[in-house]
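Asker: One structure follows; several queries about it will come next.
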There are 2 protein chains.
Amino acid sequence: MSEFDLIERFFRQKWAAAPTQQAQAATDSIVLGIGDDCALLQPAPGQQLAVSCDMLVEGRHFFADVDAAALGHKALAVNLSDLAAMGAEPLGFTLALALPPARAQDAPWLDALSDGLLALAAQHACPLVGGDTTAGPLNLCITVFGQLPAGQALRRDGARAGDELWVSGTLGDARLALQALRGDIALPPAALATARARLERPTPRLALGRALRGIASSAIDLSDGLAGDLGHILAASRVGACVDLDAASNLIAVRACLAGASGPFGQDFWRRTVLAGGDDYELAFTAPAAAHAAVRAAAQAAATPVTRIGRIEAAPGLRPTDGAGQPLVLTAQSFDHFG
Amino acid sequence: MSEFDLIERFFRQKWAAAPTQQAQAATDSIVLGIGDDCALLQPAPGQQLAVSCDMLVEGRHFFADVDAAALGHKALAVNLSDLAAMGAEPLGFTLALALPPARAQDAPWLDALSDGLLALAAQHACPLVGGDTTAGPLNLCITVFGQLPAGQALRRDGARAGDELWVSGTLGDARLALQALRGDIALPPAALATARARLERPTPRLALGRALRGIASSAIDLSDGLAGDLGHILAASRVGACVDLDAASNLIAVRACLAGASGPFGQDFWRRTVLAGGDDYELAFTAPAAAHAAVRAAAQAAATPVTRIGRIEAAPGLRPTDGAGQPLVLTAQSFDHFG
């Protein structure tokens, strides 16, 4: 089918038929959607525009046999997660899609891909406004646009000594799924299913990000692991942090399924898993200790669990400790896409 | 080198060192550039945001041995051309870049790529504000952002019967270069050099697009050829057009080099070339006949040649004629990326 037919059938018409109120509400800020040289967006008065872009490549970010709906979900989720980490609300996104010839003719696969993508888009009132399709090795590149009141962005450079360090949700499970799918570790079926859902269908924490405006001093989303991503906050803010790895590794959801399982599942394994992590798409953020109750209230308002796992300090560097506050020596490298 | 080092070395630092006044002026609308979860842009009050996205794939949109600086130029140029076709002025762009391992370590190649990209960006005051790099088959995906006064976009759906049909610049040369590089035709060296410059370093017609606000009734950029792209205007506007293919094919720049050359270079060849075209990145636009002088004045103000090549009519369809207005019967397909 032609490029035009593909977009029309699997994306434009399907979105136009979306039944949710959110999908319809989103159109208020879209002056012109798919079908012209550019889309036209109208941010609300006084708002800044937040922009982020992520590219997903077969064999690098997902397996060739990935469920297409999960792939569609994830491609948008990782971008929405960047909006969440800035405290922005979504306006819309573009999708550029390179498809091998067989995929371009595979209607069920394309249907599932756009189902997964558009369901998440509708949930967050974030319409597809344009993009590109071409023949080529499978590649999805999404650029997402959001808005937020001028001056209220949650940046990486605002952490201060004395701030508390928080994370949302659960950590490490996506990495465990990846290790299991690669055959590096074995997980019981229930644990694998839980972990795999975290790897393939991450939840962008948009409500939490918005609720933390004016409360958090810095934020980042956890895509490459706690060590690497927290490292970006520390570097940008020119501070260090003490991180309780036992508190953090208690946030690994599948640990509960692995009590008594054979394998490498000792305390050191969990600590390394949470530190190296990757693909969790939770938020890590800092806030003044005086805002502790405000953070709890924001998390409750956003219906998103948060856990305090450390404290920002003036001395540079990331200092892992155990649950009793004793220093730990670990070597864990963040996932680097050219590593 | 790591993803972070690659961006820092070849893009962020190089832009920060850009000497042009335009590059510096562009930073006024960029609240936050590369280095956080999102970039933050501040469109001017009352402006709408124009967004476009194009993906370039090795073997599909460029040859593996393409000059890296030309590739960088073209990847941004094709996106800026979409802004031009809406009458928007550039604000910034994101770049997602998938690199095979050998390219990721090839500093001279990356240096040339970013040179070509950033030189065009500086020329149009359009900074790189963010993006993504990953390992993968070579793929460049750029999303570009522009602004324009609300309601003044040059859309595809505004052409009316009686409007004149115009094109900017020269047509067909990029296609001739492609045919020659594929070995389908032979061009003398001077003709090939001229044609190849058009294929590899197209000129986005941003000044013309802006000058045509309030004058043109519709516009599109010519990426897939006159037949296909004009077809989009006709379909969106529910009109037809009569197109003088001899006037249009006189705009093929390399024709002058081919007087007396052997090969397929007859009148029918030129007519087909201009109709099927592709990759010219000129503007095709319509304007009321009463605005003829205003179009000429806008083109002069933008220092961009324009040529009237036809007229919009109520009856649907594209009707090619010769220079005397006699109907021509041709079969020419627009370039389709899944064709």
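Heads up, the Cβ atoms here are built off N, Cα and C, so glycines get one too.
Whatever TrEMBL says is automated annotation, not expert-curated.
Pulled these features from TrEMBL for this protein:
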type	residues	note
BINDING	A:Asp37, A:Asp82, A:Asp221	Mg(2+) 3 binding site
BINDING	A:Asp37, A:Ser52, A:Asp82	Mg(2+) 4 binding site
BINDING	A:Asp54, A:Asp82	Mg(2+) 2 binding site
BINDING	A:Asp54, A:Asp132	Mg(2+) 1 binding site
BINDING	A:His61, A:Asp279, A:Phe335	substrate binding site
BINDING	A:Gly131, A:Asp132, A:Arg156, A:Ser223	ATP binding site
BINDING	A:Asp224	Mg(2+) 5 binding site
DOMAIN	A:35-146	domain 'PurM-like N-terminal'
DOMAIN	A:161-320	domain 'PurM-like C-terminal'
Asker: Could you tell me the maximum Cα-Cα distance in Å between the residues recorded as binding ATP, namely A:Gly131, A:Asp132, A:Arg156, A:Ser223, rounded to a whole number?
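Answerer: Maximum Cα-Cα distance: 31 Å.
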Asker: Want to know which binding-site residues, from A:Ser52, A:Gly131, A:Asp132, A:Arg156, A:Asp224, A:Asp279, are within 10 Å of A:Asp82 (Mg(2+) 3 binding site) at Cα; which are they?
Answerer: A:Ser52
Asker: Which of the binding-site residues A:Ser223, A:Asp224, A:Asp279 have a Cβ lying under 8 Å from any Cβ of chain B?
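Answerer: Listed binding-site residues meeting the cut-off: none at all.
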Asker: Could you count the residues of the domain 'PurM-like N-terminal' (A:35-146) that DSSP puts in helix, in strand and in coil?
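Answerer: Across the domain 'PurM-like N-terminal' (A:35-146), DSSP assigns the residues as follows: 40 helix, 43 strand, 29 coil.
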Asker: Based on Cβ atoms within 10 Å, give me the single least packed residue among the binding-site residues A:Asp37, A:Asp279.
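Answerer: It is A:Asp279 that, of the binding-site residues A:Asp37, A:Asp279, has the fewest other Cβ atoms within 10 Å.
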Asker: How far is it from A:Asp279 (substrate binding site) to A:Gly131 (ATP binding site), counting Cα to Cα, in Å?
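Answerer: Just about 25 Å between their Cα atoms.
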Asker: Does DSSP give A:Arg156 (ATP binding site) helix, strand or coil?
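Answerer: SS state of A:Arg156 (ATP binding site) = coil.
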Asker: What is the separation, in Å, between the Cα atoms of A:Ser52 (Mg(2+) 4 binding site) and A:Gly131 (ATP binding site)?
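Answerer: Cα to Cα, A:Ser52 (Mg(2+) 4 binding site) and A:Gly131 (ATP binding site) are separated by 15 Å.
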Asker: Which of these binding-site residues is closest to A:Asp221 (Mg(2+) 3 binding site) if you go by CA atoms: A:Asp54, A:His61, A:Asp132?
Answerer: A:Asp54
Asker: Please name which of the binding-site residues listed here, A:Asp54, A:His61, A:Arg156, A:Ser223, is nearest in space to A:Asp132 (Mg(2+) 1 binding site), Cα against Cα.
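Answerer: If we rank A:Asp54, A:His61, A:Arg156, A:Ser223 by Cα distance to A:Asp132 (Mg(2+) 1 binding site), first place goes to A:Asp54.
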Asker: Find the shortest Cα-Cα separation between A:Asp54 (Mg(2+) 2 binding site) and the binding-site residues A:Asp37, A:His61, A:Gly131, A:Arg156, A:Asp224, and name the residue that gives it.
Answerer: A:His61
